[in-house]
């Protein structure tokens, strides 16, 4: 690289250099995979005969090639890569999850993605049991990529035992896997924010969880005109079954069937219910109650002394006190598809009805006993990353995810690379994000500054450095000045 021998020439160049527009460029796409465009089929693939010899049998089966080392560079169907711009958006969203959890005084926990298959196999006819990524490991153990997080949480609670004091308020952000048909906002892997409370039997726990969900929506710029939260209770359905003297062992199976309301026609739901042995009168009674959208109507049908009605009235009273009553509504058809729910259940939905459920949860007081432990009152929710991003795109609420760098340090001569390294190191220790650039033309450096939204350009030139100085250009205002290297902040 040619040396710049005098500061007047450098200064002259900087003053004449037209300011490149540094307007923020929104790099925040959706979480969906971006396709690589190319003029040639071969350029979309990696060619390496050396690497092909190291492929395992499983790898070879998944490499859609012709045996000569051609590897498909796309991730497996239903999964995602996270290039920098996508990763910035994911990190931002997860930061929102963590901040709401902090505000609600929850502690973060985590679990392995790989779990024992027995943790997720339940005799309930749940759809989730048909969607497992499950296999036998090399030790002959049946394992699964977790499809949801609550059973892992329950396992940890049991493991911790009496070493922790109740109530527990824990949250996690983890990856889940389900082999299912993909739709908008649903892939075969996704990340999920879970918040759970153990040891609080009263409706106050559900009220706290609902506030956390509303707080997140508000932080993201979403309003109650964009999103609503449907609330009901599994005890509603239980009360109806009691009216018709339906055996207790059919409760879970009925829940799984009626959770399909809205996905199947009424006739199909009735047919499935009849197949369990329910009478026609009981089937009609169940569907009529589950069509109710008014808590007062429910009270008329079941009576005020029913536990489900009392719980729901208490929850709606809390909603008024918390200030989120306009976000929630009663909908008796909400039962949730997982078998372990026992009380209040809820799910958030977009008002326009374009997307699937944004999040959902409820009370599960009897989950631990299914794993052979003593039950503890518990409730929680799962909130996926994919649907909320779709909603933010729909509402024009995605944040600007442009890359932001504080400083670019650029030595104008090879012999100044040492001083430039020292300056970059000093600034990084002071908390500034610094990109150290070498072996480039000054024109390229200015274009690079635009790409990464740099705030300052710090040039290390010969004549300036002989005096212990560097030249600084403020890229937003074009202001430039000399300053002692040791005084850079």
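Keep in mind that glycine also has a Cβ here, set from the backbone N, Cα and C atoms.
Feature annotations, courtesy of TrEMBL:
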REGION    55-82  region 'Disordered'
DOMAIN    77-399  domain 'Aminoacyl-transfer RNA synthetases class-II family profile'
BINDING   148, 149, 150, 178, 192, 196, 336, 340, 341  L-histidine binding site
Check: Taking the domain 'Aminoacyl-transfer RNA synthetases class-II family profile' (77-399) alone, what is its mean pLDDT?
Finding: 90
Checklist line | Neighbour tally for residue 150 (L-histidine binding site), based on other Cβ positions within 10 Å of its Cβ | finding: 22
Checklist line | Largest inter-residue Cα distance among 148, 149, 150, 178, 192, 196, 336, 340, 341 [record-listed L-histidine binders, Å] | finding: 21
Notebook entry, point to check: Any idea which of the binding-site residues 148, 192, 336, 341 has the thinnest Cβ neighbourhood at 10 Å?
Noted result: 148
